[in-house]
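If you scroll down you'll find the structure; I have some questions about it.
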Amino acid sequence: MSILEKITSSPSECAEHITNKDSCLSKKIQKELTSFLQKKETLGCDSESCVITHPAVKAYAQQKGLDLSKELETRFKAPGPRNNTGLLTNFNIDETLQRWAIKYTKFFNCPFSMMDFESIHYKFNQVDMAKVYKGEELQYVEGKAVKRPCNTFGCVLNTDFSTGPGKHWVAIFVDMRGDCWSIEYFNSAGNSPPGPVIRWMERVKQQLLKIHHTVKTLAVTNIRHQRSQTECGPYSLFYIRARLDNVSYTHFISTRITDENMYKFRTHLFRIA
């Protein structure tokens, strides 16, 4: 079985909570834009996201008072480098995690952080994980601030400082399901967690030990999965997604996942246009 078959995502450009994959659009918007959708080839489009971002369609929607931006934000996957190896931005990452938080209602999506989070006020360093579990910590889902009990937590960090352009994306996943909880660090290049992350993991462990009897920290770094210069972002998101879909962390310490898998995974992450 391919590693991509172990997760529940697909190459459809629809956001994953949309069950009807024949169309990502709401019925109202489908009806209003029928003529455009039926002749999308004449617009130079091969997808619904292309149609609703076309200038002519946007102008028509504005005249009709249709909110196409809401359709894009809530019913489609995030924009991003789907069919090329462009480097992922923090927007690509955070917008993807926000959409996953709609599908996984017990997932806490934390905004990205740079590695100087101990001195810069990133959300990542302010979260109390016990409050995440109890539903006392604010998160943003579908553009709204909500509080809800979460038994999983995910964040993507960059190994550069805030003053730099960015170096390498890594993943944090906290699993508060089952009997033994875990605080996990994944680096596709196989490098060990730096000091700030080690301190963060230990602090979170102490938070969780106040409400649960068994908590461990894990550095999932014994295999160098990534050989390219471009796929650290997809690897980091893939780790979080695989763990949400109950793929064990042990898979990542026993089996190398190739860059070719990440090229394919990009089509699972982002919409077509």
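Placed from the backbone N, Cα and C atoms, the Cβ positions cover glycine too.
These numbers come from a predicted model, not from an experiment.
Here Swiss-Prot flags HIS168, ASN187 as active site. Annotation comment: Swiss-Prot describes GLN226 as substrate binding site, evidence class sequence analysis. Swiss-Prot lists CYS232 with the feature active site, nucleophile.
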Counting other Cβ atoms within 10 Å, pick out the least crowded of the recorded positions ASN187, GLN226.
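Counting other Cβ atoms within 10 Å of each of the recorded positions ASN187, GLN226, the minimum falls on GLN226.
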Just the number: how many Å between the Cα atoms of GLN226 (substrate binding site) and HIS168 (active site)?
11
Which of the three DSSP states, helix, strand or coil, fits CYS232 (active site, nucleophile)?
helix
Pick the one among the active-site residues HIS168, CYS232 whose Cβ has the fewest other Cβ atoms within 10 Å in this structure.
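If we count Cβ atoms within 10 Å for the active-site residues HIS168, CYS232, the smallest count is at HIS168.
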Using Cα coordinates, what distance in whole Å links ASN187 (active site) and HIS168 (active site)?
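If we compare the Cα positions of ASN187 (active site) and HIS168 (active site), the gap is 9 Å.
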In three-state terms from DSSP, label ASN187 (active site) for me.
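Looking at the DSSP assignment, ASN187 (active site) belongs to neither helix nor strand, so coil.
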